[in-house]
Amino acid sequence: MALGCFPRLKIIHTSKRHMGQIYIPVINWFLMIMCMLVVAAFQSTTDISNAYGIAEVGVMMVSTTLVTVVMLLIWQTNLFLAILFPLIFGTIELIYMSAVLSKIFEGGWLPLVFASWFLCVMYIWNYGSVLKYQSEVKQKISMDFMHELGSSLGTVRVPGIGLLYNELVQGIPSIFAQFLLDLPAIHSVIVFVCIKYVPVPVVPQEERFLFRRVGPKDYHMFRCVARYGYKDVRKEDHHAFEQLLVDSLEKFLRKEALDVALEINLNQPDLDSISVRSRDESEIQDGDGDGMDELKIPLMRDQRMETSGASTSEASLTLPASVMPVDEDPSLEYELSALREATESGFTYLLGHGDVRAKKNSWFIKKLSINYFYAFMRKNCRGGAATMRVPHMNIIQVGMTYMV
């Protein structure tokens with residue numbers, strides 16, 4: 001599931017210390033029902049043991065093959081040892097396999113049927129997911145198009161925060177254009193939310209969100225990557241989620257303004273030295289050398305020394321006097337006030353429902369796999385990560401068809 005090779009199922013992690021300890025209710029029920037059906041159908045321990053033998057030897061052969069690959073690519077073992085390992089163990093396993101292959105028609109067909117069925121499910125799901133993702137990447141909206149629309153995005157901006165869930169970490173998803181076409185207005189603040197799961201038990205709340213600005217400041221659009229650990233409660237209260245997101249976004253805006261102010265301050269000494277050097281040269285050319293020693297002293301040196309002395313005496317980091325404080329930055333205050341106004345107006349969850357269809361000129365097997373099997377699995381598998389405890393009145397869903 002993490003590699004996109006199986007439909008989404010409910011997974012319960014039973015341990016915070018050991019990541020591999022999981023419980024999948026659907027698979028457990030499936031195993032129970034199939035065990036009962038196999039016992040009722042075979043009614044003989046001989047046929048069941050024949051099926052078990054082929055399954056066990058097949059697992060041994062696959063393990064030997066994968067260990068050989070690991071020895072060559074990961075461990076980088078000596079080539080002679082890497083070849084010797086499958087020769088010894090593979091020969092023994094082939095002998096076992098030749099012995100149990102004669103039992104295929106006496107119950108040994110069962111694990112082969114199961115393996116083939118699961119392989120088809122995994123391949124079709126992976127094939128369809130890859131085609132859908134590639135289509136999203138190709139159709140994502142360019143920034144040139146957004147610049148042509150302007151800060152109003154070609155529609156009316158109304159107070160509020162719109163959270164658009166998608167799987168892209170970079171770029172603007174094509175489903176956003178569908179929202180602009182179908183909705184009479186769009187929210188004043190747009191956040192593209194991408195949920196990612198990391199291999200740690202719990203992600204601290206202060207590290208939950210990673211923000212990045214999308215487009216110019218007056219667009220008020222942001223990219224947000226929400227990170228969750230495998231023991232984090234995903235279905236949290238939507239009010240707590242929204243408040244944490246707003247607080248993190250406000251911190252991002254303040255940090256961005258601070259970085260810009262510091263960058264301007266770092267570039268200021270170069271401008272001062274250039275101006276002083278030009279004045280020195282002009283005095284030399286005029287032949288007046290009385291004030292030359294004074295002009296060699298940077299004009300802002302005393303002010304910077306006083307500022308640096310004051311900053312060292314304080315416990316917190318402060319900006320130099322030549323730079324406007326962050327709290328007094330009018331652009332920052334405007335953005336923060338716009339964010340507070342949008343927060344008071346409420347949140348709307350913009351969900352895109354993508355329907356994947358094969359192109360008309362595709363092969364019959366591709367149409368069968370994508371239009372029927374993959375569509376059936378997408379319709380019946382567990383919902384995406386965007387399903388939260390959100391009132392239905394706060395959700396807007398727009399459909400879009402991906403031709404692959």
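Glycine is treated like the rest: Cβ placed from N, Cα and C.
Under the heading domain 'K+ potassium transporter integral membrane', TrEMBL lists 1-145. What TrEMBL lists as transmembrane segment is 21-42, 54-74, 79-101, 107-125. Residues annotated as domain 'K+ potassium transporter C-terminal' in TrEMBL: 159-402.
Residues of the same chain lying 6 or more positions beyond the ends of the transmembrane segment (54-74) and with a Cβ under 8 Å from any Cβ of it are 81-82, 85-86, 89-90, 93-94, 96-97, 100-101, 103-104, 108, 111-112, 115. Secondary structure by DSSP for the domain 'K+ potassium transporter integral membrane' (1-145): 109 helix, 5 strand, 31 coil. For the domain 'K+ potassium transporter C-terminal' (159-402), the model gives a mean pLDDT of 74.
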